[in-house]
Every structure is written in structure tokens, then in C-alpha cells.
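Enquirer: A single structure is presented below for examination.
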Amino acid sequence: MSRIALYPGSFDPVTNGHLDVVRHAVALCDRLVVAIGIHPGKKPLFTTEERLMMVKSVFEPVANAAGCTFDCTTYDNLTVTSAQQVGATLMIRGLRDGTDLDYEMQIAGMNETMAPGIHTVFVPASVGVRPITATLVRQIAAMGGDVSAFVPPDVAASLKSKFAG
């Protein structure tokens, strides 16, 4: 029986923090499904198609190198429902600090009540990526700052292009 893990997020944009989580997650499963949440009330910087391309180009080589099958999808329902739909038994969540842990523990508890067969696995962020958030990356890029230390090279180029004036 293969272990399927779901790694959900908005990935707007993909950051080195996300990449760090994926590097750890591929060691825990045979198949990693990255699920991009589509929220009707939110206006993302990158389109769904752009985020799908970013996720695939950055994460798929990491999964392949680890011998882990990689898939990418989108979802607009409960994250736990998306996990059930792909047959996941693990939900991967990255943690930067105690604030993340407090928030994620609440969600993990609710998810486990709704779907007892799906277990949340917390991946602590490596020291070098702990301060990185997609929100801060977008803000820095929007103000013309250099985000190359926080995102993969292709993502940095996409951000630069997005904000070119």
C-alpha cells in the first residue's frame, strides 16, 4: 500500500520555505500531491495556471529525485475533502514558529474529527527559511526589492516580470 500525502497551500508564490517542506515530505510518502487552494474571495497575484506551472517546475524534480510520484491539483472545497479525494492518509503542513503551531493544531484537530484516517504531519522549517512568507515576498517584490534569497530563481524572475512597470 502506498503512502499518499497532500501538501495544500496557496503557493502565491512558491517560496524556498515551501521547497524546504517538499524536500522533507518526499521522504515520508510514495506519492505527494500538492494542492493549490482556490478561494473565490481572494485575489491572488499569480493566476491558477501560473501557480500550477510554478509548483510543477519547482517541486516535481525534487520528488522525482527522491523516487516519489508527484501530482499537482487545485481545490475549492475543504482541504480535508481534497485529501480524501486523492486518497491521502497524510496531510503535510510546514511550521515556522509557535504561532503556526497553535493555528495548525486547531485545524489538524478539526480535520482529524472529520476524517479520522487522515493524519497531519508537521514539518518544522529549516533555520534558513523560517522568516520567509509568501506575503512578505510579494510585498518586497512589489516595492522593487530583491527576493532571490527567498524564492527559487524561476519564481524570482516571474515576480520581477509581474511587477515590471
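Cβ coordinates are placed from backbone N, Cα and C, and glycine is handled just like the others.
Relevant sequence annotations retrieved from Swiss-Prot are reproduced here:
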BINDING   S10, K42, T79, R93  substrate binding site
BINDING   S10, F11, H18, G94, L95, R96, E104, V129, R130, P131, I132, T133, A134, T135  ATP binding site
SITE      H18  site 'Transition state stabilizer'
Enquirer: To which of the binding-site residues H18, K42, R130 does the lowest count of other Cβ atoms within 10 Å belong?
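Expert: Output over binding-site residues H18, K42, R130: least Cβ neighbours within 10 Å is K42.
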Enquirer: If you skip the near sequence neighbours and keep only those at least six away, which residues in the chain come within under 8 angstroms of S10 (substrate binding site), Cβ to Cβ?
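Expert: Same-chain residues close to S10 (substrate binding site) (Cβ under 8 Å, separated by 6 or more) are I36, G37, H39, K42, P44, R51, A134.
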Enquirer: Cα of R93 (substrate binding site) to Cα of E104 (ATP binding site): how many Å, rounded?
Expert: 8
Enquirer: Which residues does I132 (ATP binding site) neighbour through Cβ under 8 Å, counting only same-chain ones at least six apart?
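Expert: Same-chain residues close to I132 (ATP binding site) (Cβ under 8 Å, separated by 6 or more) are T15, N16, G17, R96, F150.
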Enquirer: Measuring CA to CA, name the entry from the binding-site residues H18, L95, E104, R130 that ends up nearest T79 (substrate binding site).
Expert: E104
Enquirer: Taking the residues S10, F11, H18, G94, L95, R96, E104, V129, R130, P131, I132, T133, A134, T135 listed for ATP, what is the greatest CA to CA distance in Å, to the nearest whole number?
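Expert: Maximum Cα-Cα distance: 18 Å.
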